[in-house]
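Annotation source TrEMBL lists domain 'G-protein coupled receptors family 1 profile' at 42-292. The feature transmembrane segment is assigned by TrEMBL to 26-49, 61-79, 99-121, 142-164, 197-222, 242-265, 271-294.
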Amino acid sequence: MGSNGNESSATYFILIGLPGLEEAQFWLAFPLCSLYLIAVLGNLTIIYIVRTEHSLHEPMYIFLCMLSGLDILISTSSMPKMMAIFWFNSTTIQFDACLLQMFAIHSLSGMESTVLLAMAFDRYVAICHPLRHATVLTLPRVTKIGLAAVVRGAALMAPLPVFIKQLPFCRSNILSHSYCLHQDVMKLACADIRVNVIYGLIVIISAIGLDSLLISLSYLLILKTVLSLTREAQTKAFSTCVSHVCAVFIFYVPFIGLSMVHRFGKRHDSLLPIVMANTYLLVPPVLNPIVYGVKTKEIRQRILRLFHVTTHASDP
């Protein structure tokens with residue numbers, strides 16, 4: 001910390017690994033690195049398949065490409081530094097680099113939430129208004145939705161580094177995670193952080209809260225429509241939604257769990273919150289390609305074809 005009268009300005013922070021498991025974390029880094037590589041390769045495979053298969057150039061799969069791209073960026077924003085901590089004990093991070101990582105993690109998470117909402121809207125139109133689907137979700141409109149997700153995520157999170165930059169730091173510069181989070185950094189300030197807290201709540205409510213509410217509403221409307229269909233049509237409709245529902249739970253459950261830990265958990269009395277934080281940004285990128293590869297017939301068939309695995313004609 002650099003002194004400045006009675007206050008200090010942070011020049012760098014210390015990122016911790018796994019307290020109490022310093023000797024084991026070197027070996028624990030190997031499975032984490034393997035999961036990271038699986039996440040990157042899995043999502044790149046999804047993007048490659050959708051891009052090269054013209055029959056998949058539909059809104060549902062274009063949104064899936066956006067989701068895969070965001071998953072790669074989210075995991076890459078934290079995992080390399082985490083590996084450096086575990087393998088090389090590189091625990092320091094410069095103040096500006098910390099703010100950049102914090103902005104990247106939060107803004108990309110906001111973008112992913114928006115894309116999940118767009119995917120829910122796509123399923124709503126496809127099932128509840130199938131005759132209008134092609135006219136409502138045209139390729140230019142899907143592109144604009146993707147750009148809107150980027151602008152929205154970046155705009156909502158842009159003030160966070162600015163607010164942190166204005167804070168004086170005179171306490172410990174040790175962060176409780178292996179990457180920089182807004183909730184973690186602002187707690188080290190020795191000034192009033194009510195602006196940060198209030199704006200953080202506004203962002204959560206207006207982004208994550210609103211998105212999850214609208215996703216729930218879309219599926220209530222979908223359920224109402226599906227229940228009026230024949231049994232065969234119900235099965236087909238539900239099968240097109242399963243992958244997205246899984247992706248929604250995969251994203252929101254760890255996010256809500258980590259938020260609850262930050263608000264109500266104790267900082268040093270358990271290793272669980274730290275483990276949750278270290279795996280939070282890795283769970284969706286690893287599981288999403290697996291879910292869509294297993295549950296989506298079109299993606300599954302093309303993955304098997306890509307790796308020269310023959311499929312039976314009766315493959316469901």
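Sequential numbering from 1, following the chain as shown.
Here the Cβ of each residue, glycine as well, is placed from N, Cα and C on the backbone.
Counted as Cβ pairs under 8 Å, contacts with the transmembrane segment (99-121) are highest for 142-164 among 61-79, 142-164, 197-222, 271-294.
Taken together, the residues in the domain 'G-protein coupled receptors family 1 profile' (42-292) have a mean pLDDT of 89 on the 0 to 100 scale. Tertiary proximity for the transmembrane segment (142-164) is limited to same-chain residues at least six positions away from its ends with a CB under 8 Å from its CB atoms, namely 59, 62-63, 66, 99-100, 102-103, 106-111, 113-115, 118, 182, 185-186, 189, 195-196, 199-200, 203, 206-207.
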